[in-house]
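**Q** Pasting in a structure now, in structure tokens, and then I'll have a few things to ask.
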Amino acid sequence: MMFSNKQTKPTFKSYLPPLQTDSNKSPQLPIKKLEAKLLPGEIVVNEANFVKKCISTESCQDDLWGKLVCTNFKVSFITHNSLPRQKFQCTHRLLGEHDIPLACVEQVVTVNDIKGKQKILGSNQKLKFNPTELILYCKDFRIIRFRFDEAGPESAKKVCLAIAHYSHPADPQLLFGFEYVGKRYHGSTGETVNGVDPGGGLQTPLFDCSSDWDREIKRTGASEWRVCTINQGYFISPSLPEFFVVPVSLADQDLKQYACCFYSQRIPLWCWNHSSGSALVRMSNISDPLQQRKVEQRISSAIIKSHPLRSDVFKSDLDKNLPNIQDIQAALLKLRQICVIEPFEESEEKWLSSLESSRWMEYVRTFLRHAVDVVYMLESRHVSVILLEKEDRDLSCVISCLVQLMCDPHCRSLHGFQGLIQKEWVMAGHRFLDRCNHLKKSDKEESPLFLLFLDCVWQLWNQYPAAFEFTEVYLTVLGDSMWVPVFSTFLFNCPRQRAEHSRDFASSKSIHLGQDQALRFPPVWDWSQQFSLKDQTLFNNPLYVGKIATCVQNGTVKTFTHRRSKKNYSSTLRGVPSALRNGSLGPNDTLTRRNSLILRLRSDLSQVREQQETPSERFIRDWFSRPVDLQGLLLPQLLPSHLSVWKLYFLRWVPEAQIPQGGPITAFHKLSVLTDEIEMLQNQLRQYKGAGCTPNNQHMEHSKMYFKVTLTPHQSPAPPEYLSSSFPFSPVGNLCRPGITGTPLSKFLSGAKIWLSTETLANETI
């Protein structure tokens, strides 16, 4: 029997609508009309049409079709579609909803699932197969996936190679910030373009001039210290700022003579003065063994003379007492693996133990503990402290900042905190270019020290939120800003490097700098570069109790204090209620952790510890026995059970970790509305008394709170539907990997603690 090649027409007629299969459906929109929004100095390098962005692993129905574009600044996905279930997102002025800065790309992985091949792409590498999928692993814990099922194989290959190449710049001047600043702020004759002055009008001191240091000396009462100018032009040390503070008793000639004895000629730097006169100083190691004793004695003598009581100097060796930069980097890689990379169904039974074994939380605790030890020397012993580190550019940045945060309420205000980072990180020469690995040159140099610092700050914030003017959203956004390489704050290893590279770039591009000595990169503290005034109100903490925050009770003006129950003071130091140390539990005492019953059997050991209490432990116990002054000294609770995972940063992209209408944001919403209502009522009271005030409609525009009270009487605004524990971020489209439903992670998110072994619990001290 012969079969005809002619196809027969189907005879069955369906009366049901055809089933939509999004995974095979080609885009029906004019993809080629989609264009990337470019910043000044930004150019398109390569692009591919008909690309699909994967929204989730389990289903393809929400995937988006569009154009994938690689520029010299970012990876951009442009689509006409909107994200499903995406009801809110802050608008970033430099980045679109689907944009990824090239500096944020950790790894570029190409896949051909037909041939079963995959390759990690680096700069100037070849790709021998046509990719069907692109996976971008990001430094902010995102995992972004794109499919090329409908895209041309050559265009898919080219855009993947372009992303790999431009995310590995060979020279600092190839970082986008140079093109951006050169085009946006500097005209051909040196005038400021459009009247924009990067960093102009900032309230945050940049410590790039002697007047900022003078003000800091006066603010802290450091009368025996002075601004030193011997490093102007960076003639003494290449990594120190041009202006810094030294003891009055040290002459410039002596400093020039001693400089050659220190690593990188880094003369000791003054950080801060305690009200008792004790000073916090940071110092690199002395490289010349023959001169070590003489120079150390001279420096110590000068610091002693600066103290009104001529108190001695305590030296704290950070290299011996703290983990090194490689250990910290290894901990973050393990943490990232646990949180977002590993399929959770493969590791579900050991998620919490894996989190502990990453050692990230252990390192956070170690840094906080060491900072408390330094605080004890300054606050209780009234002696000056020298932070010793080989090059004084890494660990000392973290400790010096934490000490000042605990001791000085000014550093817990927004501008004070920003000035603290500018002083102790940026101007002190922390290697942001190397530690962030912006050039992808050396993994050995990469280390997330600044992220570790922000996590330590968050732990303090989480225990005393009313003591800080800013919110955890601010801390999270600040961490993300490291990967937007247009700001001077996170772009260079030291001020001299910024000056030299910007002068060279200006010369190569024929940019006339005029009176400026270098390109004027905007600091990250000019938040209007990234967010609208409305979105910046998310940084304002409604709980913050500043110096002038008072209340009136029964006709008496009182200041706010934060009181703690007695069971918390005792458990802070030892981890057990005070009564338990005597072998019994009181009616108001509770066991603080699971498995802590073993501590009942070791009450004799607790009594031995009580007898062996060190002066430092006694100082801490005494502090916790008093009400907390939010405008005074703050000490963190340091048992492992007191520290939490910073969920808003590390777990914000995990869909299963998101709690709709839940999490801390619900309390933040109510407190913001209440604060806004109080401010509005105070304004109405001033209006009633005839004083100048702002009308209610203008109050709504100028309110410091993101969430505002309604003008309708007796109507409390309901929490918006878009609120979730990830607010203002969204995991939708930002993390594609298998789910975790029913695993220990979901239990942990519901309030479970990270438990150590029984032996560790029995032996832990603060």
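Note that Cβ sites are derived from N, Cα and C of the backbone, with glycine treated the same way.
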**Q** Between 1-27, 568-594, 676-702, I'd like to know which one TrEMBL lists as region 'Disordered'.
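**A** Going through 1-27, 568-594, 676-702 one by one, TrEMBL gives region 'Disordered' for 1-27.
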**Q** Inside 10 Å of the Cβ of I325 (substrate binding site), count up the other Cβ atoms and send me the figure.
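**A** A count of 20.
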**Q** With every protein chain in view, what's the tally of Cβ atoms within 10 Å of the Cβ of N324 (substrate binding site), excluding that atom itself?
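**A** For N324 (substrate binding site), the 10 Å Cβ neighbour count is 13.
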